[in-house]
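Participant: Encoded as structure tokens, here's the structure I'll be asking about.
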């Protein structure tokens, strides 16, 4: 199956098919007539898929280089980006060449950031191998690196030339790495796709159930992401709905130390916490927070953060991109399957951090 992202300035397609990674070289050759490609990946994914992709691309006549960095959120930094710039320059990569991001969300965000800034921008493709990347971060053109102050504090908007999603790659993930992706999937059902929410309700929450339903949940998630990106490419309106749970979630990631709490795990905790307080403030119907709690618990996502410190978390989220002056925008749910943006005084976020 295929999802078309029909942006007027940069249309591209998302190919979703079991086993399609084995045809990645052919897919790339139909999109690009470039001479040189650099694959950016991490130390885990390189072992699993690096050699296969290199061989496929060489078979199509491409000159191929590989840059691999230590796996994990701690590598999503300007320091690692600088190392990649040096690698690209050493191999004389030009704007007529291309980058392929092969891996999970960290790889995709970092590789896309590098591609969008090296020589003021070169073309890139996304081949996501984690559930979080397949349903969310590889789509829509947000790139970024972390700082000590905030997650994704430095970044750009840059669309890929295409996205290749093979659900079979999920079978090589560890259980925790697979389950954390369900945080984003649950979010999609909550904000815009009640059919997806019902699919999740029918699943038993096991690893096998995630893998068995992967094609459906990836497709539904990509459709929701596509809708929001087409309506609001630069995150000024509707696309902000995708941030449900992320304001508190990102603060948790920073507080815990990048990589200690995975992104989807932090989003799950953030959705539950924000919803509970929004219900107390009569901004959301009673019971939704419990629905979210139960769904996250069923799939094995964390529902609490043991090191909770509201003052430190508030200081972190005051640097959030959704803050503007003395106000910040949060996403709430009028009902299951629907979202809206609500602006509040930044100081009121302290209420949302009360346990």
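Using the three backbone atoms N, Cα and C, a Cβ is placed for every residue, glycine included.
The NAD(+) binding site feature in Swiss-Prot is assigned to 105, 106, 107, 108, 109, 129, 130, 142, 151, 169, 170, 171, 172; the stated evidence is sequence analysis. Taken from Swiss-Prot, the feature Zn(2+) binding site applies to 184, 246, 263, supported by sequence analysis.
Just tell me what is around each of these and how deep it sits.
Facilitator: A 10 Å cutoff on Cβ-Cβ distances gives residue 151 (NAD(+) binding site) a total of 26 other Cβ atoms nearby, all chains included.
In sequence order, 73, 105, 132, 180, 183, 184, 249, 253 make up the list of same-chain residues 6 or more apart from residue 263 (Zn(2+) binding site) whose Cβ falls under 8 Å from its Cβ. Look at residue 263 (Zn(2+) binding site): DSSP puts it in a helix.
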Participant: Given the binding-site residues 130, 172, and counting only Cβ atoms in the protein chains shown, which has the most within 10 Å of its Cβ?
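Facilitator: Its Cβ has the most other Cβ atoms within 10 Å: 130.
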Participant: For the binding-site residues listed here (107, 170), which one has the lowest count of neighbouring CB atoms within 10 Å of its own CB?
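Facilitator: Comparing Cβ neighbour counts within 10 Å for the binding-site residues 107, 170 gives 170.
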Participant: List which of the binding-site residues 107, 109, 130, 170, 172 have their Cα within 10 Å of the Cα of residue 246 (Zn(2+) binding site), in sequence order.
Facilitator: none
Participant: Compile a sequence-ordered list of residues in the same chain as residue 109 (NAD(+) binding site), six or more apart from it, whose Cβ lies below 8 A from its Cβ; state 'none' when nothing qualifies.
Facilitator: 76, 137, 142, 143, 144, 145, 152, 155
Participant: Can you count the other CB atoms that lie within 10 A of the CB of residue 184 (Zn(2+) binding site)?
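Facilitator: The answer is 26.
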Participant: Setting 184, 246, 263 aside, what same-chain residues sit with their Cβ within 8 Å of the center of the Cβ atoms that define the Zn(2+) site, listed in sequence order?
Facilitator: 132, 136, 183, 187, 245, 249, 264, 266, 267
